[in-house]
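A.B. asks: What follows is a single structure, and I will ask about it in a moment.
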Amino acid sequence: MNRERQKKPEWLKLKLSTGEHFAATRQLLSGLRLNTVCRSAMCPNLQECWSKGTATFMLLGSVCTRTCRFCAVDKTVLPVPPDPEEPEKIALAVKSMSLKHVVLTSVNRDDLPDGGSGHWVSSIRSIRSLNPEVSIECLVPDFDGITANADRVMQEAPEVLNHNIETVPSLYPAVRPQADYRRSLELIERAKAVFRLSTKSGMMVGMGETGDEVAASLGDLRASRCDIVTIGQYLQPTAAHLPVNRYVTPDEFEEYKNRAESLGFRHVQSGPFVRSSYHAEEFVAARHIERC
């Protein structure tokens, strides 16, 4: 039985509203033909974020070379080449939106020799050239385990280096067949050990994991010197995606938060609608970003 089609609990019902910035944000992003993870990944927080004039920019197109079963982003083996004007367009959007903190992410581009890392670098530099005061969070893919490609992005010294483990290792074959749990942990640890970046990761719950497995993964992240963690409810994007196994209660999310804090994470967000880039600017505003 597809549990996602059961009645959702009250805590998962959103009141949709649009503020004064919503239409302006939508018009700006559409006019520049920019991709956002908000729209491409069917994020439940799109209304809230766009209404506040914030968005997470998605680099390298809107089509991914991976087939993760939880993700709403379109898939193909051979996407179109990256738009060479995209870095400048994003920089212009950041300036137009008067952002103080910008989150960049991307699809996986296993079809490109550098995994898209050169495009990442161009985007970071374009943003900083036009917006020298802005802080940048990079939510990166694993670059297929090619260290040189990941290093190219880390060398740009983003204020936050984010890479999501997404789920517990036992679910990787079913949920993330082309990814590797240990490889993701190694990327996070390298960002801290070699480049001294503030590190972040996130995971979804409700896909069939146990509480003990979540606790173990939180421990693995801390052992890999991850500073910030986000935990949110998995929601099935379409009938073709992985079904929801169960709805995690707010009390359980609070327990996960307490567990993470006890392990020493410097900042924790845990709740049904938490996503990796949700309220990301708060981490910077609260001065959690330090080179250590």
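Glycine is no exception: its Cβ is also placed from the backbone N, Cα and C atoms.
Taken from Swiss-Prot, the feature [4Fe-4S] cluster 1 binding site covers C38, C43, C49, S277. Annotation comment: Swiss-Prot describes 50-266 as domain 'Radical SAM core'. As annotated by Swiss-Prot, [4Fe-4S] cluster 2 binding site applies to C64, C68, C71, with the evidence given as sequence analysis.
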A.B. asks: So what pLDDT does the domain 'Radical SAM core' (50-266) average out to?
C.D. replies: 93
A.B. asks: Using Cα coordinates, what distance in whole Å links C71 ([4Fe-4S] cluster 2 binding site) and S277 ([4Fe-4S] cluster 1 binding site)?
C.D. replies: 15
A.B. asks: Near the [4Fe-4S] cluster 2 site, what residues other than C64, C68, C71 in the same chain have a C-beta no further than 8 Å from the centroid of the listed C-beta atoms?
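C.D. replies: Neighbours within 8 Å of the Cβ centroid, excluding C64, C68, C71: R66, T67, F70, A72, V73, K75, V107, N108.
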A.B. asks: In whole Å, how far does the CA atom of C64 ([4Fe-4S] cluster 2 binding site) lie from that of S277 ([4Fe-4S] cluster 1 binding site)?
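C.D. replies: Cα to Cα, C64 ([4Fe-4S] cluster 2 binding site) and S277 ([4Fe-4S] cluster 1 binding site) are separated by 19 Å.
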A.B. asks: What does the structure give for the C-alpha distance between S277 ([4Fe-4S] cluster 1 binding site) and C68 ([4Fe-4S] cluster 2 binding site)? Integer Å is fine.
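C.D. replies: Pair distance, Cα basis, whole Å: 19 Å.
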A.B. asks: Three-state secondary structure of C64 ([4Fe-4S] cluster 2 binding site) from DSSP?
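C.D. replies: Going by the DSSP assignment, C64 ([4Fe-4S] cluster 2 binding site) falls within a strand, counted as strand.
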A.B. asks: Tell me, by DSSP, whether S277 ([4Fe-4S] cluster 1 binding site) is helix, strand or coil?
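C.D. replies: In three-state terms, S277 ([4Fe-4S] cluster 1 binding site) counts as coil.
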A.B. asks: Could you list the residues of the same chain, at least six apart in sequence, whose Cβ is under 8 A from the Cβ of C68 ([4Fe-4S] cluster 2 binding site)?
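C.D. replies: Result: E166, V175, R176, P177, Q178, A179.
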A.B. asks: Is C71 ([4Fe-4S] cluster 2 binding site) helix, strand or coil when read with DSSP?
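C.D. replies: Where C71 ([4Fe-4S] cluster 2 binding site) sits, the three-state DSSP reduction gives coil.
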A.B. asks: Neighbour count first, Cβ atoms within 10 Å, every protein chain included; then name which of C64, C71, S277 tops the list of binding-site residues.
C.D. replies: S277
